[in-house]
Amino acid sequence: MTKLTQSTTWKALQANTSQLPHMRELFAQNPQRFEQMSVKACGLFLDYSKNRINDDTLELLFSLANEANLTDKIAAMFNGDVINNTEHRAVLHTALRSKAEQEIIAEGANIVPEVQQTLAKMAGFVESVQSGQWKGYTGKTITDVVSIGIGGSFLGPKIVSQALRPYWHAGLNCHFVANVDATSICEKLKGLNAETTLFVMSSKSFGTQETLTNTLSAKDWFLAQGATQQDIAKHFVAVTSNVTKATEFGMDANNIFPMWDWVGGRYSLWSAIGLPIALLVGMDNFKALLDGAHQMDEHFASAPLAQNMPVIMAMLSVLYGNFHGAQSHVILTYDHYLRGLPAYFQQLDMESNGKSVTLDGTDVDYSTGPVIWGGEGTNGQHAYHQLLHQGTALIPADFIMPLQSHNPLGEHHDQLASNCFGQTQALMQGRTFEEALAELSNSKLDEQAKSLIAKHKVMPGNKPSNTLLMDKLTPTTLGALIALYEHRTFVQGAIWQINSFDQWGVELGKQLGNDVLERIGAKHDATELDASSNALVNIYRQGKL
Ligand SMILES: O=P(O)(O)OC[C@H]1O[C@H](O)[C@H](O)[C@@H](O)[C@@H]1O
């Protein structure tokens with residue numbers, strides 16, 4: 001048993017959660033529930049009143065946070081302490097959105113000047129590409145950017161670019177290549193003109209197989225279109241913390257944008273890894289994104305726990321995972337521009353908190369990170385929401401919606417909003433057997449049939465949800481929103497005492513993949529692996545079944 005599950009607070013939470021009445025009842029008991037259980041910060045508004053909580057639950061959750069020394073842990077992260085204890089690294093993505101006058105020390109030096117220099121280098125580059133000053137090898141301006149990277153060096157830039165579509169610079173398009181499946185790069189290159197295409201290769205380590213392979217294929221394609229080796233500098237730039245490897249690979253030293261070991265891949269969109277975003281939306285908008293995140297950092301570092309948005313959201317997730325047996329959490333974005341956000345939060349949270357031992361190596365005896373999934377509303381309402389309403393699993397939901405649309409058109413947005421709010425209401429209230437029966441009062445069915453149908457129409461309700469609103473989806477509100485989820489992930493990791501910043505499981509996949517690749521390329525059939533893997537490799541080597 002760990003100390004956490006043995007603690008008085010843990011046991012008190014178990015008792016509290018087993019005694020709470022249905023949320024309908026909680027709302028009826030307290031007319032102030034919405035006012036008391038909502039919070040505003042950094043342009044975001046969170047209504048968390050539709051959760052299985054009362055004042056005691058909240059108090060106990062914040063006690064749990066205090067007992068985990070959360071405030072100290074937050075300070076340690078912002079301070080640059082080496083909190084990633086298995087890779088011996090500080091965790092300072094917050095420094096990427098700090099103010100120029102701040103001083104943040106990592107490995108004995110103030111890192112803010114380097115961050116500012118990189119932003120200035122990005123600004124110069126973005127300006128020159130957007131203005132058309134940067135010319136391709138035949139003197140034409142750049143029209144297409146192909147961003148090559150994977151994991152953290154892909155999803156952040158892609159999802160943020162997609163979310164900020166209304167802010168794109170006219171005349172520039174961006175295509176993202178991640179998968180090593182040749183179809184990905186081949187399909188993207190179809191229709192592109194080498195003379196007007198710029199490749200941004202993003203790899204923190206400069207050692208990721210997919211990214212190196214895709215970049216080499218991009219270079220081959222570029223040269224096959226009639227360009228020469230000398231032309232590469234005008235069409236290939238790299239973002240990496242391994243400048244030496246990038247130069248050895250043939251990248252022009254002037255075209256390398258640095259990043260650092262103290263930025264984790266899945267937290268890196270704020271660094272030069274965000275270059276594709278900046279190219280599309282311009283540097284002012286990129287800085288507004290950083291500013292939104294910075295505002296959330298300040299809120300997270302200074303607001304009392306009970307008014308601290310990331311802390312509240314994290315503790316609610318701890319509540320469902322550890323006290324209600326929830327194994328997944330769904331993110332529902334009621335905004336087409338935010339359709340990719342669930343996948344981004346999935347990477348952020350599952351790569352961070354998919355862990356089973358505490359920082360000191362003890363096996364946990366409680367659930368850690370849940371499965372994060374989701375999609376775009378209202379589409380999901382016609383599919384998986386059925387399971388949210390009437391399935392056997394408890395799946396807490398986050399509904400995210402801007403109040404104003406970038407595309408105001410007729411009644412569309414009113415309908416979108418009414419669906420969003422209507423879903424949270426239905427999840428919370430449910431429908432009793434009596435209500436279902438009453439709805440059938442005018443039906444011609446006999447009593448027995450009515451009763452059967454009513455039974456199928458019962459929805460238990462009491463299903464938790466958060467509603468997150470913002471005035472409009474802007475670079476600033478988006479920055480705050482993403483930072484909110486980053487910190488939510490951090491807080492959960494702090495409660496569970498796990499390292500949210502390493503990813504050894506993913507590393508193993510890379511290593512085994514390389515071993516198998518050697519067997520595939522060997523002169524003889526594979527015999528060294530397990531029976532299944534040997535057989536699969538050998539079938540593959542034959543190229544047919
Ligand atoms: O940026 P790179 O070094 O190419 O790494 C790309 C990705 O590789 C792995 O999958 C890591 O687990 C990710 O966190 C990282 O973002």
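Cβ from N, Cα, C; glycine included.
Small disclaimer: the values here were computed from a predicted structure and weren't measured.
If you check TrEMBL, you get these features:
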- Glu351: active site, proton donor (ACT_SITE)
- His382: active site (ACT_SITE)
- Lys510: active site (ACT_SITE)
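Overlay of TrEMBL annotations on the structure.
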| residue | record | DSSP class |
| --- | --- | --- |
| Glu351 | active site, proton donor | helix |
| His382 | active site | helix |
| Lys510 | active site | helix |
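Put simply, Lys510 (active site) is 14 Å from Glu351 (active site, proton donor) when counted between their Cα atoms. Within 10 Å of the C-beta of Lys510 (active site) there are 13 other C-beta atoms, taking all protein chains into account. Comparing Lys510 (active site) with His382 (active site), their Cα atoms are 37 Å apart once rounded.
For Glu351 (active site, proton donor), other Cβ atoms within 10 Å of its Cβ number 22. The local packing around His382 (active site), expressed as other Cβ atoms within 10 Å of its Cβ over all shown chains, amounts to 8.
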